[in-house]
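Chemist: For 1-21, the entry in Swiss-Prot reads signal peptide. Taken from Swiss-Prot, the feature N-linked glycosylation site applies to Asn62, Asn107, Asn217, Asn445, Asn481, Asn502. Look at Swiss-Prot and you will find Ser64, Ser172, Ser306, Ser403, Ser447 tagged as phosphoserine. Under the heading N6-(2-hydroxyisobutyryl)lysine, Swiss-Prot lists Lys168. Look at Swiss-Prot and you will find 290-317, 753-793 tagged as compositional bias 'Acidic residues'. Marked as N6-succinyllysine by Swiss-Prot on the basis of a large-scale study or a structure entry: Lys404, Lys633. Among the features that Swiss-Prot reports, site 'Important for ATP hydrolysis' is placed at Arg448. The N6-acetyllysine annotation in Swiss-Prot covers Lys479. Annotation source Swiss-Prot lists phosphothreonine at Thr785. According to Swiss-Prot, the motif 'Prevents secretion from ER' annotation covers 799-802.
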Amino acid sequence: MRVLWVLGLCCVLLTFGFVRADDEVDVDGTVEEDLGKSREGSRTDDEVVQREEEAIQLDGLNASQIRELREKSEKFAFQAEVNRMMKLIINSLYKNKEIFLRELISNASDALDKIRLISLTDENALAGNEELTVKIKCDKEKNLLHVTDTGVGMTREELVKNLGTIAKSGTSEFLNKMTEAQEDGQSTSELIGQFGVGFYSAFLVADKVIVTSKHNNDTQHIWESDSNEFSVIADPRGNTLGRGTTITLVLKEEASDYLELDTIKNLVRKYSQFINFPIYVWSSKTETVEEPLEEDEAAKEEKEESDDEAAVEEEEEEKKPKTKKVEKTVWDWELMNDIKPIWQRPSKEVEEDEYKAFYKSFSKESDDPMAYIHFTAEGEVTFKSILFVPTSAPRGLFDEYGSKKSDYIKLYVRRVFITDDFHDMMPKYLNFVKGVVDSDDLPLNVSRETLQQHKLLKVIRKKLVRKTLDMIKKIADEKYNDTFWKEFGTNIKLGVIEDHSNRTRLAKLLRFQSSHHSTDITSLDQYVERMKEKQDKIYFMAGSSRKEAESSPFVERLLKKGYEVIYLTEPVDEYCIQALPEFDGKRFQNVAKEGVKFDESEKTKESREATEKEFEPLLNWMKDKALKDKIEKAVVSQRLTESPCALVASQYGWSGNMERIMKAQAYQTGKDISTNYYASQKKTFEINPRHPLIRDMLRRIKEDEDDKTVMDLAVVLFETATLRSGYLLPDTKAYGDRIERMLRLSLNIDPEAQVEEEPEEEPEDTSEDAEDSEQDEGEEMDAGTEEEEEETEKESTEKDEL
């Protein structure tokens, strides 16, 4: 023990001597060296650049190598649209900067989806790196944030194309939508993901962005930008990634919060917990570990044990090394998301909030879904699916309807994402439904085109449609009428037209305005429940607005008798009803066409027949003489009460509303045979025998069939009925002339009286004529002055003589 004590004392003395020596060196130091410790404020521009380069050096590259890279790299200017878009993103989303991480992770997930899909047909695709992950690392010392994925990566050309240019049409649409959203006060943060420009949100928090990427078909390259321009150069380190992309952000001073581990973890959980690949964050944690004791501590412990224990002679055992418990900070990759897909879990185990969070994550929407359904289908094909109805219709829902990708269903095969670009996963009219489908029964190692033709896809589609209609049917009536129908009512009507197999189910989802209520909409089920006892048809009237429909002469008698009439006010409505022959055993009757009949007693029937006989001369005169080439026939009307007459289409002809719609078609050229056929069909002219105009016409034609005034009146009544019945007049000038003639007669003005001619305007004088006239006027004035002077002298002479 005494020897150990002496050795310890010697060590202390030696240490003290070294400290004194260091102190002497510090004292002898120069003033410049002391000042150099605090020269940050007086550094030159070159030193600032050097310090910056040192701060953002990449792994394996020092400051001089970074400088050399920048000098040799090829510089590019951003496309004009990209500059505009970046400015708009930065200015509009500066209050919601955190979405940058969501967009970078989303892009990483897309890259991983692509390489996994490629690997199904190319066994060497994953040779560079077997794992499929996203890793995030914060570097506080260097002010850097790294996001790395092992996805498909980018070639040099793709770096230039994907990160430096954008399709002009897409950019223009994005800018327009951003502007509209800002004007409407709506959130703009979701738009950047929907339009594929999320990468540029990195400049919300970064002064510089460095992208290192390795594609299987190219060497590793580095892309760098400060948002003003960008450069690309081959990575001198070679292939360090194996495959994939690392995005390095040099964070702005005010964005330093995004280097905090808790902040990054919370953002990943908030936005990306349902990404289908593991997301890791480089994290620290405190662990308690066993460490071997040092020799002095071990000897001391052994001595204490030998003093306390009694000497017992036992067989010697092998001595175990002595250890102690120590707390250490350990850094490792921490998994942040539950990578088991939510649709693979039983629906009973998934909370409503999880469905909402998953919907927002994969659809890039900010609102909760209106409805959702989670189910497992079994039978000919087994698959799991979650379907959602969004709260509002996606933008451009009917732009190029059916001709482009329009559905939002992501197809997975054995948890491997295949595509979201199938046109046939959902019918066109359900293009607003979003969701995922995952099946184990579909083949993996085939092309997308081959898979699209697979017979099982038709079975999947059929079940998806049925489940979707079940989901929509379960939406509460109030929510359905107030929200769903306003957003997606047109889709349901198109479904009735297009989907023959589900027409009956879709008909139950239809809603229309009706005469039953001034504002509320009604279903066909509700209409049938309110039908009169002997009513066998569902009556409807089509028009450009409710006001036009309910003021039409065709509904006068129906409303007076208490029949409910459905009002069709949208262009697609009449097509929809025409495609639906009946509902619940009741056929539809367009009240603007032939076939409207009422239940009548024997007495009423006799009275009607007597009226028809009384007006037979007028009806024949109209058909054979006054309106000979304009109508098919003239009859006494059963549907008119206030109007004098109406123009009724045949059962298979066009109503006024349909004719207006067909003639307004953008592709209408006037050469379509069927269109011309329907448009040229003559109509039935119905008269109201109780109207004073009609009764007076009957009296007049009995007196004189060739009365020109009555002939004019008949034509004016026909043309007025044409307009009131919803049709267009082929010759509006002739109609106007006839109205003028009728007004002249009513005011006792001679029909042949001509319009008074305007007085002729005096011709304008030329400059020479003006000068001549001024000269003549001057001479006349001079002559007049002389005559006045002579008369004045004469008068004065006469006064003198007197």
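Cβ coordinates are placed from backbone N, Cα and C, and glycine is handled just like the others.
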Chemist: Counting Cβ atoms within 10 Å across all protein chains shown, which of the recorded positions Ser64, Asn107, Asn217, Asn481, Asn502 comes out on top?
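Modeler: Compared across Ser64, Asn107, Asn217, Asn481, Asn502, the most Cβ atoms within 10 Å surround Asn107.
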Chemist: Closest of the recorded positions to Asn481 (N-linked glycosylation site), Cα to Cα, picking from Ser64, Asn107, Asn217, Asn502?
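Modeler: Minimum Cα distance from Asn481 (N-linked glycosylation site) across Ser64, Asn107, Asn217, Asn502 lands on Asn502.
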Chemist: Check the Cα-Cα distances from Asn107 (N-linked glycosylation site) to the recorded positions Ser64, Asn217, Asn502, Lys633 and tell me which is shortest.
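Modeler: Closest by Cα: Asn217.
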Chemist: To the nearest whole angstrom, what is the C-alpha distance linking Ser64 (phosphoserine) and Asn502 (N-linked glycosylation site)?
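Modeler: Cα-Cα distance, Ser64 (phosphoserine) to Asn502 (N-linked glycosylation site): 70 Å.
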Chemist: Between Asn502 (N-linked glycosylation site) and Lys479 (N6-acetyllysine), how many Å separate their Cα atoms?
Modeler: 23
Chemist: In sequence order, which residues at least six apart in the same chain have a CB under 8 Å from the CB of Lys633 (N6-succinyllysine)?
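Modeler: Result: Leu619, Lys623, Thr684, Phe685.
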Chemist: Using Cβ atoms only, which residues of the same chain lie under 8 Å from Lys479 (N6-acetyllysine) while being at least 6 residues apart in sequence?
Modeler: Met370
Chemist: Under DSSP, is Asn502 (N-linked glycosylation site) helix, strand or coil?
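Modeler: In the DSSP reduction, Asn502 (N-linked glycosylation site) maps to coil.
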Chemist: Could you pull the average pLDDT for the motif 'Prevents secretion from ER' (799-802)?
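Modeler: Overall, the motif 'Prevents secretion from ER' (799-802) comes to a mean pLDDT of 40.
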